[in-house]
Amino acid sequence: MRSLFTIGLIASWYASNIGVLLLNKFLLSNYGFKYPIFLTLCHMMACSLLSYIAVEWLKIAPMQRVKSRLQMMKISALGFIFCLSVVGGNISLRYLPVSFNQAVGATTPFFTAVFAVVMTSKREGWITYVTLVPVVAGVIIASGGEPLFHLFGFMMCIGATAARALKSVLQGLLLSSEGEKLNSMNLLMYMAPVAVMALFPAALYMEKGVVGITIALARDDWKFLIYLLFNSALAYFVNLANFLVTKHTSPLTLQVLGNAKGAVAVVISILIFKNPVSITGMLGYSLTVAGVILYTEAKKRSM
């Protein structure tokens, strides 16, 4: 029975992760809703509400209170970087196919290693750094072979990937003491409202008339409202699934699943959106994934 529950969790993790990615791409590119900042705002509002319900009412994770103004400032800094990473990823999906987006996103270990050295002076064994060579080389090859390459979209995707890595390193630095550590559900509950406060004025200023356009689209096509609400809820369930899979398996299992998730998302997105792919691009992506797997193994052995 326990194994069936674990399999169900893993299936839910895959479905939510890949589902939110594909729905983001559908809304931003195929449907024509060209407002990635507002879409991210919807995601963060859903995360704010649903994470509070999950922690305070459903008791999925024990409630952890913020104990000082300094701790809240640290959480706010993480929330702002978290917000930038999600916005950058959504903007990139307007211009890049999911397959290439995932290839660039797979370079997160490279940026994590760079930030760890720069910010903490923490150095890994030389083998760990060697495994990052194919990670970067694969993206360079994939970029050269991508038929739908878009420079701005590529820069946004790189920025989002770097921000994701920066958040993970900063989290270890800022919330390092036992009294300040928060589980992922509580951290999301505090970070998401910070992101909402940053995104709301940004959406109003940078995406003029987006609220009126969204209301008009919802009135004209009720399916759009369903897509938007479901997509926003799914953005929260990605985080919930991450938490539950880690709780009932291990962080290493989540890493392994993450390595495979990118490849599965690429295949499904190509089948759905039918974006052109080149042999060079797929070879580059395969090289990056192989590098990430080797990096994970090297890190595991160095522990």
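Every residue gets a Cβ built from N, Cα and C, even glycine.
Copied over from TrEMBL:
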DOMAIN    9-295  domain 'Sugar phosphate transporter'
TRANSMEM  33-55  transmembrane segment
TRANSMEM  75-93  transmembrane segment
TRANSMEM  99-119  transmembrane segment
TRANSMEM  126-142  transmembrane segment
TRANSMEM  148-166  transmembrane segment
TRANSMEM  187-204  transmembrane segment
TRANSMEM  224-245  transmembrane segment
TRANSMEM  252-273  transmembrane segment
TRANSMEM  279-296  transmembrane segment
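Counted as Cβ pairs under 8 Å, contacts with the transmembrane segment (75-93) are highest for 187-204 among 187-204, 224-245, 279-296. Of the two recorded stretches, the transmembrane segment (33-55) does not lie close to the transmembrane segment (252-273), with fewer than three CB pairs under 8 Å once pairs fewer than 6 apart in sequence are set aside.
Highest Cβ pair count under 8 Å relative to the transmembrane segment (99-119), across stretches 148-166, 187-204, 252-273, 279-296: 148-166.
Long-range contacts of the transmembrane segment (148-166) within its own chain (CB-CB distance under 8 A, at least 6 residues past either end) are made by residues 81-82, 84-89, 91-97, 100-101, 104-105, 107-112, 114-115, 275-276. In this chain, the transmembrane segment (126-142) touches the transmembrane segment (279-296); three or more CB pairs sit within less than 8 A of each other, excluding pairs fewer than 6 residues apart.
Listed by sequence, the residues of this chain that lie at least six past the ends of the transmembrane segment (224-245) yet keep a Cβ under 8 A from its Cβ atoms are 9-10, 12-13, 16-17, 19-20, 23-24, 26-27, 31, 33, 39, 42-43, 45-47, 50-51, 54, 60-61, 183-185, 188, 214, 217-218, 253-254, 257. Confidence across the domain 'Sugar phosphate transporter' (9-295), taken as the mean pLDDT and rounded to a whole number, stands at 93.
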